[in-house]
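Asker: Shown below is the structure under consideration.
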Amino acid sequence: MATTKRKAVTDERPNKKVKPTDASEKQAKATKPTKPAKPQAEVSSERKAVPKSVLQQEDRAFPRGGGSVLTPIEQKQIKVQAERDVLFEQQTGKPTADENGDGELFDEGASAAAKKKQKRKKAGDEDVKQVSTLKVQGLSYKNLSIGSVLLGYVTAVTSRDVELALANNLSGYVPITAVSENLNARIERLLETDGQAEEEDDDEDIDMKDLFYAGQWLRATVTATTSAPTESSGTSKRHIELSVDPRKVNGGLDSSSVVQNSLIQASVRSVEDHGLVMELGLSSPKLSGFISKKDLGTAYELEDVEEGQVMLCLVTGKGSNGNVLNLSPGAVPRSAIAEGKQAPAVSEAPTVEGFQPGTAVDVLVTDNSPAGVAGKVMGMLDVTADLAHCGAGLSGDDINKKYKVGSKVRGRIIWALPQDDGSRRVGVSLLDHVLTMPAPPSKLPSNASAKLKAQSTSLQQHHPLSSIVEDAKVIHVTPNRGLYMQLSFSRTKEPAKAFAHISQISDDRIDTLTSSIGKYKVDSTHSARIIAYSPIDNLYRVALKPSILEQQFLRIEDLKVGENVKGKVERLILGAKGVTGVLVKLSDGVTGLVPEIHLSDTHLEHPERKFKEGFPVKARVLSVDLEKRHVRLTLKKSLVNDDSSASIWKEYASLKPGMEGKGTVVNILQAGAAVQFFGNVRAWLPVAEMSETFIERPEKHLRLGQTVNVRILSVDPEAQQMKVSCKDPAEFDAALEEAWESTAGGQTVSGRVTEKSPESVTVELPSGLKGTIRVGHLSDSATADPEKALKKVHIEKTLAELVVLHRLERSRHVLLTRKSSMVKEAKAGDLITSFADAVVGKKVHGFVRNVTPEGVYTEFAGGIVGLLPKSQLVPEMLGQAAFGLVKDQSINVWVSNVDATRERISLSMREPAPSIEENKEHVPAALEIVNPADPTVRSLVDLSLGRITKARVTGIKASQINVRLADKIQGRVDVSEAFDSWDGIRNKKAPIQKFKANDIIDVKILGVHDARNHRFLPITHRQSGVPVFELSAKKSRIQNRDESGLTMDSIKQGSQHIAFVNNHGDRCVWVNLSPNVRGRVALMDLSDDAGQLQNLEKNFPIGCALEVTVKSVDAANNKLDLIAKVRSSAEELTLETISPGMILAGRITRVNERSVTVQLSDNLGAPVPLVEIGDDYDDLKLAQYNKNDIVRVGIIDVDAPNKRLYLTLRPSKMLSSSLPVKDPQVTSYSQLKPGQLVRGFVKYVAEKGVYVSLGAKIDALVRISDLSDQYIKDWKSIVEVDQLVQGRLLSVDADAKHALLSLKASHVDENFKPPVTMTDLTPGMIVTGKVRKVEDFGAFIDIDNTQPRLSGLCHRSEVAAKRVEDVRNLYSAGDVVKAKVLAVDVEARKISLGLKASYFANGEDDVEMEDNEDDYSGVEVDGIALRDESEDEDVDMDIDGGIELEDVEDAESGEDASESDEEMDEDEPKPTGGLKTNGFDWNGGNGAATAAEAASDSEADAAPKKRKRNKPEIKVDMTGDLDKYGSRSVSDFERQLLGQPNDSGLWIQYMAFQLELSEVQRAREIAERALRTIHIRELDEKANVWIAWMNLEVEYGDEERVEDVFKQACQVQDPLEMHQKLASIYIDSGKHDKADAVFEKIVGNKAFRASQDVWVNYASFLMDSLKSPDKARSLLDRALQSISLPNEQRSLTSRFAALEFKAANGNAERGRTMFEALLSEWPKWSSGWDTFVDLERSRLSHATTAEAKSDAKEKVRALHERIASQKMKKRRARFVFKRWMQFEEEEGTAKTAERVKALEKAYEEAQQAMDGE
């Protein structure tokens, strides 16, 4: 049996330890099923069975070398167990029981039989324990990943997001866009309606507080996790973004996975009368949910539920057809709430995918440990419950007894985390409140059970955060996690449970805790501070650290407005004007801003001198903004040292008039100043209240930031408005205050005159108040002289019968009037003093307040103002200036209308007609009518709804017929109620003109007309004694008794109706289909005739009839769109239905300097470019086009695939083809011809030239060289977009759709001659040119007026009649010459020229053509051989057709050779060509002979004699120069490439040589040739060429060329390498945006992003080049998701941390934090420690100050010390101490070096002692 066991474990652990390689490590990690857990001693100090070692199954052995067969983890387990046993014996005095089988490890004397018996006894248990390998771990931020599904509890709702509490004290946020698809659709509709007309009703706004409530349970999925450092503390602030969209949180379940009693999240699709239709977001779109009205319960009201609202619902069943799920909000059925039943659990499920968070399940316990409980659900799904959610830690119960292995417990899934292998880790909670998931107390029904109410109440946070609990009792200890505590409060009977994390217990580091001894043992009490509360855990989070207990403020919420605080200056905030504020640190994580105006009571010129970093200050809190997390402080001593609580005004509700306090002036205006207090309290200080003396300019009296003492004059808490005064309150005592409050407009008083001025009279009232009478108010007469009126008033004279108009609050004066008309009305009580006094038809007296062009504003008492419109003035006043009125003039008017809603009064100077109320005495019973048109009608009662009667026509308007039913009883017949059919309307433009005045017509009463809202009401809605009846004259209503009426609900899309124009709008025509149904017809839907649309008032007058078709109808929002035009094709305008040549009507929607945008239909429109607006570009007037104008447009072309439309507005196309056209229309390239003179507008200025628009879709390119005849350095300055230019076409390629244009003045000139080409040159032609280069053998001449530029060679034999040895003596570069064309070889592209004077003498052609003329017939134009007298030379033309520089150098080098080969046989045949390699001629000797012949003037038979006389010259071997100087010509490169064809460096040098000569295209050709030539196996050499080619295109090419070369390179080379090289090229060239795009493409490729280098390179680029450290840091989360292996994740994280040290924009502190996190998880990661040390040491070289250098040394030293304190092998120890010693010798002192030696010696002694034991 033992043998079998040894065999079973030999594969897992070999007998001999072999150091694994990297590959073996990866393979071993891949084969391991689970990661080994930490040693049990680190998890709990409770006694627990140690896993059995292999030694229990084997005989004792003596391993080689004295080593141990125990693994390191087994050794650690034995050591921990021994420590536990000793500790147990010390506490109890009893030996430990050998119940775990540990004795087998030490008891050598135990019998073998006893061992076997014990093994049998434990065999079953051991097997069970070996099966259960599930690690219990709670939810944490580290193990969260995108896609994790969690159960959440709503704790806060804002306007933008919802805060969800998650398990284990985590919290996340749900933005408004991640709620549901239906809600997103509502948001989009709201955004679309923002720009629509005011008359259209918008959708109801979305309020998140209506969709969610605090205490709601929801299922959420993680969409993003971010971690950013906080500004103050530098610690990371973690943010979890969630989504509650059912499509995401339900996991894409199918219908079979949703079973009864499971929970599913659903959003409201629609609200019906009987319940809610829910969207489930499942994979099957047919499956939906339904919540009946009765199942909603008290948590929701059906009428308050909105579309898109999300609920977590219980599945109670399925409908009969299986497509509808019956749902109930919450986790417990409505019937079980009152009975207090347990939440139902899922008992059956086809797959484990149906077990989502929120679902209640029965868990079979398979294992328990101090960390928690592990179990299985239905035998398929592994679940765990950590200590907090199994309840053992909270109650202190023994987890082994509470959850026995094999027992079943009820739990609820609270999280599910996806794993790399596709599985899920699932966590459950066994807590009672999670099982019940109670709603908040306000949402519970009244019949809820007491237990449910208690659980709901317990989840509410009863105790404030940051409060301190003195006697917090420890009830459970988790050694490596923390303490579970019990909090007792005096306010509540039930104690609360809390948890203190091990990091929050002490300011000193604590590695482990024990429950029986020590300061934090069970039942010990401590002072604790509440720092958080988790409703899902139902657990408070507390801190025991003295630093937190002593901290004054933990959160911004702890600050109180008006409270005095102490802090230290953190930093100064600098702005354009210097210091704009100071940041004060109040505590860790809490800072406040002191604005500039609150730095001091006096203005500080140099605040930086007073406030330095770290300077302690005393401040007072001005305001706290919790939503923005802002705190404002003041350092003003006048505010800080004021201990009076009454002077701290922070709420309007607590303020009353008369209170005094201090405020700060924050704004100064001409009328006053704004004064700020505490919180959001502000007040207005009028200029009259600033001082008792007159103040001309407030800014001279006050300054910004000044502290003022004020007194409240008035305060309105609801409107949050307050008025204050700086005046001394003693001058306005209580008696005057009472008199002031009792004074009101309309009162009659008397006053004693105390002061007179030309403008007013000041009087003193008997109450002591002061009053003012303006001169215009001394009498009613408008023509009275003010001076005469003033003369009648004397000082100390008492004026009786004065009327109070209103009070002047600013100056505390009373405005009075002495107008007799107003005094009379005041006495009679008829004076208007309030809005309620205005009665329609009442005659009133007032005075002129203001005169405007629209009318006259008339004022009455009490400040009441009415408008007298211009239309209501008497006619004789209209022609006078200001209507003949002056301010304060008396005026008599009648009230014509009163708008109670807006409190507006309309007045009239025209006396209204007597109303029925005035003639009541003539009308018996106020119901009888006089002179009815229908004799059968005797009273108003007879005029009932539906009554058919007669009426007399009194007037005919455009859209209605005014009729009279009887005297004083009016009615109207809308034009839509006058005709039954379209054929019955004879005059379509004026339908109701057939009716005549005084006609008696039959009508039917429909209701009462409401003129204000343009509708009619039932008879019961009569609003006055004289109603206006809405009538109908339709025969169908009168004869057939038709009662049907057209309403918005009855209108269907596509139906046809008769409509009548009611009004004209800018973009539409409003029409009436019935008196209360109104719609609109867009201009484009009104007619196809643009002429008609251009004059709507004439062609579609008000009242005209239209046949319309309903386009769309929205009854809910009262919107109706109609179509009135009839198309021949009956089709809507689309890209498919229109064709070129059509002329259509369009509406201008936009006009700018570049184009006119025309709309043809709702979904069709296009801009008209400048070239298509007119026929004469000089006369274009865009100002003649205005928005909403109707124009005729022509269709030029339709590009359906690209959805583009080309339009024209040219008059010659729209009006008449006979109109003059200066600039013809260009629609295709075939219309253009070379040499043609055209005009156009600059469309785009590019790097290589200018694009000119010649037509709507025709562009021409103007190269830089063709812009001007002169050289212009800044050529872009001479052109601008939309500039009109004239140019001549140089070339046109209709097939390629390419045209070249020249703007040169020489080309645009009418006498322009087309450039000469090679084919135009003929022998004998005389040309002019310029000498470009001169050699001894001849001159190279650029011929004038050639395109491309042509160059020819004039050999020295053709320079003069006599022999010329060196042409350089006669000509130099730049000389202008006249030459004769001697020969032209078009195929070889060679031109020979002559400069002999005899060629030009008197025009006689006496040139003697020699036989051998063709032998030196000129220069090769395109790189063919150039022959001279020495040898054949190859001279290449440049891009413009000239001679290349390097080829001239070739000719120069070859010229020194002998003029002829003397030894050459005369009869030897002359070769016509030979082997050539890219410009290098391998045929030698032929040119020399021909040159010699050309140079000779003797006869042919004398030639041999000459050769005999010439001595042979020594040929110089120039090949040695290649080694000395390198390749300097094309020939040199070609020679070298013949010997080294696979050398990429040589090819790249060849490309660079061509680029130096501006031969970009030749360089490209060389690159292509190199890739063809280099052997296929030389991949690295080819890669170098590809990289060089990409470099070339990035520098000289365009994006298209770069992309083309890059794609080719990726096909034949390593794609990742090519991507990275391209990014490097872009970075080197400064094109960082393109490099960023390449990196994004790399990390977006699945094949690339698994590489660490990809992410590190991208991050380095973002850090160093883009200066975007935040974006670089965010890459780490994405990278870790792409790299799955833990070792690689660890390595990648360390490399990102290293970037923080190395990058200029990095944060070294952040890098340390990352390394600390890695090393805490992998403490034995030696390479990680070494990297950390190297990075810290690297900071020494960058330290600029002694302080910084000392700090860096200390950090390195501390790291070395931490490494040395670890357990390590001898070899590792030697390496560690050696590096430490090197560091101390270089950077430290002798003392520190000695300390290292001592530590090393101590380590060696300890090792020797251990080896001895």
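Sequential numbering from 1, following the chain as shown.
Note: Cβ is positioned from N, Cα and C throughout, glycine not excepted.
Per TrEMBL, the features are:
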COMPBIAS  8-28  compositional bias 'Basic and acidic residues'
COMPBIAS  30-41  compositional bias 'Low complexity'
COMPBIAS  1406-1417  compositional bias 'Acidic residues'
COMPBIAS  1429-1468  compositional bias 'Acidic residues'
COMPBIAS  1488-1497  compositional bias 'Low complexity'
COMPBIAS  1511-1520  compositional bias 'Basic and acidic residues'
DOMAIN    147-245  domain 'S1 motif'
DOMAIN    261-330  domain 'S1 motif'
DOMAIN    304-379  domain 'TRAM'
DOMAIN    562-636  domain 'S1 motif'
DOMAIN    658-727  domain 'S1 motif'
DOMAIN    746-819  domain 'S1 motif'
DOMAIN    841-910  domain 'S1 motif'
DOMAIN    946-1022  domain 'S1 motif'
DOMAIN    1049-1125  domain 'S1 motif'
DOMAIN    1141-1210  domain 'S1 motif'
DOMAIN    1235-1304  domain 'S1 motif'
DOMAIN    1324-1396  domain 'S1 motif'
REGION    1-75  region 'Disordered'
REGION    1406-1520  region 'Disordered'
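I'd like to know what surrounds each of these features in this structure.
Answerer: Assigned with DSSP, the residues of the domain 'S1 motif' (562-636) fall into helix, strand and coil as follows: 7 helix, 43 strand, 25 coil.
Confidence for the domain 'S1 motif' (841-910), expressed as mean pLDDT, is 88.
Per DSSP, the secondary structure of the domain 'S1 motif' (1049-1125) breaks down as 13 helix, 37 strand, 27 coil.
In the domain 'S1 motif' (1141-1210), helix, strand and coil residues by DSSP number 9 helix, 37 strand, 24 coil.
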Asker: Please identify the stretch among 658-727, 746-819, 1049-1125, 1141-1210 with the greatest number of Cβ pairs below 8 Å relative to the domain 'S1 motif' (946-1022).
Answerer: 1049-1125
Asker: When only pairs 6 or more apart in sequence are counted, do the domain 'S1 motif' (562-636) and the domain 'S1 motif' (658-727) reach 3 or more Cβ pairs under 8 Å?
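Answerer: When sequence-distant Cβ pairs are counted, the domain 'S1 motif' (658-727) touches the domain 'S1 motif' (562-636), since at least 3 lie under 8 Å.
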Asker: So which of 261-330, 746-819, 1324-1396 is most in touch with the domain 'S1 motif' (658-727), counting Cβ pairs under 8 Å?
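Answerer: Between the candidates 261-330, 746-819, 1324-1396, the best contact partner of the domain 'S1 motif' (658-727) is 746-819.
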Asker: Quick one: find which recorded stretch in 746-819, 1049-1125, 1324-1396 has the most Cβ pairs under 8 Å with the domain 'S1 motif' (1141-1210).
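Answerer: Between the candidates 746-819, 1049-1125, 1324-1396, the best contact partner of the domain 'S1 motif' (1141-1210) is 1049-1125.
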